[in-house]
């Protein structure tokens, strides 16, 4: 028994795929109608922007409802145990109300239910941690909270909860290793191993439980998120810059310049080897996630190299880097004009065009303003009129 | 769930015709993988890096490299980009038009960014605008606005609007909108409101005339945010004008709300709900903050308004398309 109607979620995946074929004229009008009839989905529809608003205002209402009794019982709540129990009780109430709403209004990721799930998990985790004895380490708190978060994740299959669960888990590993004398040195390797294992499991969930298309559909989004994050952490844990600077930060007292780390050659190799592996695998498996992370990882690798062995000053590095990227993109667009080796430049359903156009506009403004702001303060042009102190611009 | 699984499901339901399953699965297997979005992103990031790199290069080295050489090189690059974009310019039409080269839009963007660097350099080195700093921002706005229309480029349109807003004296960068704007100054607030109103009016007018109607979205997101923030800034800072700002905010929210429902662009619905809520909450706590209220009643305000807005937004959800 899960929070949402599993059959509907399953049906929704089928309809989504069928509609893709329908748009390509591979299914007839009659067939798509038959698909919609055979696989009913009764979830309420929304729109991304309305969802944001719903999430926001639901959270406002829930927090108001929390503060109301909290201020009423404020005297009692000075006791840590009572406060913990109060939080848990409130979390349970949030859960019950959310459950009613989800069922009555056929909600599924409409913003309202997301707000209920996140606040529910938050209050439960907060209350639970107050009941724990004082003096526990952060890693112990994280470890003890994990079963709770995993239960919520299992029940709701919520993407945000998946993120918090993963963050809690990584905090547990990170903080748990530091007290050991060998912990700091082993940290990158442990993080890489743990991430690799998690990625492998998220990729092949059938190793943990038997295959079930309904369950796959229910957890598709959290599963996807876990893959992104674990790959990201895996690449970051092998990156020379991250390892060296983090190592420097963890030293006590903190030095101004992070000292050289052990096995620098290994980490230099990993800085480039991991993204290249992603890219190579991404090209072989035609996996968008691996391709994107591979390219980003390589860019990060070049930036890491620039950080320690600056062959050219920053302005040159940016110019050369920009030219290189433009060149690569132009080559790619020319090369893939006609489909080659199973790749093409022609957009398909998966390309988020409209979203990209809007982001482009946003970053263009940002870049415009940047050009204006690049000047130093003593540089006269620009200073007052459009440097932020708008009052001087009387023209 | 793989496409093959879905096909098997549909086959089991008896929805597919004979041979259709093989045909579709054949298509799925042979379908090339689209790198369209990835390559465009790469191109775009490259352009941003290049223009900021060149900008830095100018500011760091203007005294070492000959001014003339640097300026000439960049002017040539800028002209080249522009000529390239012009060569593949789209046909002039009032409807949405597409550039005839995949790089045309990007070349134009790069040309515009280079122009900004060039202009800044020329102003710094030769002070060609003297102390009329306003011109420095007005010029790009006047140049980019026609370019945006001729080339049908929403990115350049946003840049033009941003330059226009800077010219009026409010620096609007989306990410710093909330931190750097100066709304304690009455003149700034009023000029921002006036500019936003002009822009919104122009955009509505052009949309009605069917001249590049798809630009309305860009106009309204930028000018709408500017208007609402300026109104809120006025509301917070000038107590003697509360009534006017409150009325203005209410009017702006209602218009945006109506527009959102008409065009089904729900971003405007969200904007009007959030800004409106901030305004109402501010007024509520400013005026209706009776001393004899205890905290509980404040919390009731958040509970009730939260629920009311949730109910309102829920009622605006678009009707199901596939039923």
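Glycine is no exception: its Cβ is also placed from the backbone N, Cα and C atoms.
Per TrEMBL, these features apply:
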TRANSMEM  A:54-76  transmembrane segment
TRANSMEM  A:82-102  transmembrane segment
TRANSMEM  A:114-132  transmembrane segment
TRANSMEM  A:161-180  transmembrane segment
TRANSMEM  A:186-204  transmembrane segment
TRANSMEM  A:263-283  transmembrane segment
TRANSMEM  A:290-310  transmembrane segment
TRANSMEM  A:316-336  transmembrane segment
Sequence-distant contacts of the transmembrane segment (A:114-132), meaning Cβ under 8 Å and at least 6 residues beyond its ends, amount to 3, 51, 54-55, 58-59, 62-63, 66, 80-81, 83-92, 94-95, 97-98, 101-102, 140-141, 144-145, 148-149, 152, 156, 158, 160-161, 164
In the same chain, which residue numbers or ranges, 6 or more beyond the ends of the transmembrane segment (A:54-76), come under 8 angstroms Cβ to Cβ? 46, 82, 86, 90, 94, 110-112, 114-116, 118-119, 123
Stretch contact, the transmembrane segment (A:161-180) with the transmembrane segment (A:186-204), Cβ-Cβ under 8 Å, 3+ pairs: yes
Which range wins on Cβ pairs under 8 Å with the transmembrane segment (A:290-310): A:82-102, A:263-283, A:316-336? A:263-283
Residues of the same chain, at least six outside the transmembrane segment (A:82-102), with any C-beta under 8 angstroms of its C-beta? 3-4, 62, 66, 69-70, 73, 76, 108, 112-113, 116-117, 119-124, 126-131
With a Cβ cut-off under 8 Å, give me the same-chain residues at least six positions beyond the ends of the transmembrane segment (A:316-336) that come close to it. 299, 302, 306, 310, 343-345
